[in-house]
């Protein structure tokens, strides 16, 4: 593996009480004063070997934060217990970076739930329904905003740009009274300083915060969020003053919104905001970090014109065109934080290739002005490869998790400054060559099949209206049919049984019997509740992607490769390292078993190719769409086998379709074309009477509704309840949707139980724009994370609401 792979995040218990000090980031020179008419700006002079990390995973190497949060929420532990776990995690992270030699170490990137929610707390922008009026925001209000409580629903949650991380969407309006209500940033800076580590506090920038917010309920949807800029900047100024008083010498503003297609007025507002903060930034070195894509030319020009900025950070993994802009114009004396180590994947960096990029930058801005960095926060990758004891040695040698990427950054910085570790670079080159030449990566037959697929189109043989008639004749469903999305609660006993079977501690016969009994319980419950189209509850599945990946070639799985999705929710993305095939049927045995337990329709449950792709760590040696088509062909075989086995309703989840949408509009059509094509490949060969469902999560679908229609599913269920029926506005505007559709009627991510009346009101809102012949009634998402008490109550109210509205329709 070489020296690089042996670097790891220290175990919490092994940390010394008094860590060695790290020289402060700006100890070499005085802080950068703001340019004024009477003073010439003095620019920070970086030493060679400068390195920087945008951000780091907060969950812990073995999900320590997840378990601490859930224990606290369940009342099993107290505030002190939770805060102690968090403090130990922060300490281990900062020390790992310090020991690795990182110069610019971030602070305030830790969060108990979400960094956007932290910013909402910092600004005191708490919606009135949570009952907060003033003072420091505590955990009760903080977690109520994230998760809801008995009397107030949670704030909306949606995808963070095109990642699988979710943020809590701020709710803003003209009457919000902003105030400095959370001192987290300065508290954590002081905490690191007490350990002898001088950090760079990180704040989400004011533009990104506002443009990722939404108008609060009751506020006109046309309300200009940027009109609040003058109201939030005073709070930012207070925070900056607080940090300076605490001894901060650097500040990092994360402004990823700059990679979006911003208009002239938005860019002007950005420029004005930072100009307005100039006096408050005096005495600080300022870094503005962008990531996830190229910075458009006009945004780049605006960024480069800012005064009082010491350095600019760019994603040079996904933002290759930004390199051309840097070549044309980069201001003299400024630092370039070059994001050459991928923060969103798990592949070991090609150190020689990255070094060439850095040398190109050296010719443009000068060696002393280049800082080696990650492309974005390492929040989006797994924590530490050292914890993977079961991965085979060859595959493991191709990988680098967050802890290893920190070492890669410093290795590049050392090499760039003339202190190249020849042994490490040689080992890295050998591992890169091993991956390129390994026979396990390429399957010629699969490559040929994909080439054939790309040359053809795939459509069902008849229109959806004709198919729905054939399906209704077979299924005989009532108006407003009820269903659930797929999963039912995963109990501790169920998880234990799966673990024991995987470890070969119980026999296959005993395992199958246990799953069968779980199916019987779930099916009986649904029949008693009166649900129309059933699911078997997915008791045999640990994860909707991992379950399929484990049965497909070209996939590998980690033991501790967890990544935060939201709050305490973590996912363990599979690794797609090679060409993909389906050796045998994956779900037919289980779906056939479940169907025999009921006379009602039973959904066969599959995960779609785009979602498997977007929720995996994907190979980076071929275009993503080619990998997606390989998965689609495997799912196609499974769909056709399910149909042959007598399964008449098949759900192909595309929960992550939209999150793969490129951030730049110019790139979106190509993605949507191949993503829709991949979905159609999976089911274009089934009979008219076989009903194809799909499900989508956490997305703003308004701008891709025509692509959703083009998917040609018979029924689509959509996560909608936290979005104030934003989706329904599409239909208000006249978009015609002839297939079945089920916008979620209640939020499964909150423990709150909606009343029958509340759900009925939602259904009536939907019927104002959707025909009762196409409307389905269902929860937002799968029920895996809820307990049975919550599920029974919520589903009972959902079915009662559907029956209530159904009876009203029959009378009219």
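Glycine is no exception: its Cβ is also placed from the backbone N, Cα and C atoms.
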| message | Suppose you had to name the range Swiss-Prot annotates as region 'Disordered'; which of 403-429, 430-456, 457-483 would you pick? | response | 430-456
| message | Of the candidates 363, 641, 653, which one does Swiss-Prot list alongside 485, 486, 487, 538 as binding L-methionine? | response | 653
| request: Determine which of 62, 66, 76 appears in Swiss-Prot for the same 5-methyltetrahydropteroyltri-L-glutamate site as 164, 543, 566, 569, 570, 615. | output: 66
| remark: Per DSSP (helix/strand/coil reduction), residue 706 (Zn(2+) 2 binding site) sits in helix
| remark: DSSP assigns the residues of the region 'Disordered' (430-456) as 19 helix, 0 strand, 8 coil
| request: Please classify the secondary structure at residue 570 (5-methyltetrahydropteroyltri-L-glutamate binding site) using three-state DSSP. | output: strand
| note | Closest by Cα to residue 66 (5-methyltetrahydropteroyltri-L-glutamate binding site), out of the recorded positions 487, 538, 749, is 749
| field | Cα distance (Å, whole number) from residue 706 (Zn(2+) 2 binding site) to residue 543 (5-methyltetrahydropteroyltri-L-glutamate binding site) | value | 30
| message | Please list, in sequence order, the residues in the chain of residue 653 (L-homocysteine binding site) that are at least six apart in sequence and whose C-beta is under 8 Å away from its C-beta. | response | 486, 544, 605, 606, 607, 608, 611, 694, 695
| Can you list the residues of the same chain, besides 485, 486, 487, 538, 653, whose Cβ falls within 8 Å of the L-homocysteine site's Cβ centroid? | 484, 535, 544, 605, 651, 695, 781, 782, 784
| task | Would you kindly give the Cα-Cα distance separating residue 706 (Zn(2+) 2 binding site) and residue 538 (L-homocysteine binding site), rounded to the nearest Å? | result | 31
| said: Among 66, 695, 749, the recorded positions in question, whose Cβ has the most other Cβ atoms within 10 Å in this structure? | reply: 695
| remark: Long-range Cβ list for residue 570 (5-methyltetrahydropteroyltri-L-glutamate binding site), cut-off under 8 Å, min separation 6+ in sequence, same chain only, gives 59, 63, 66, 562, 563, 564
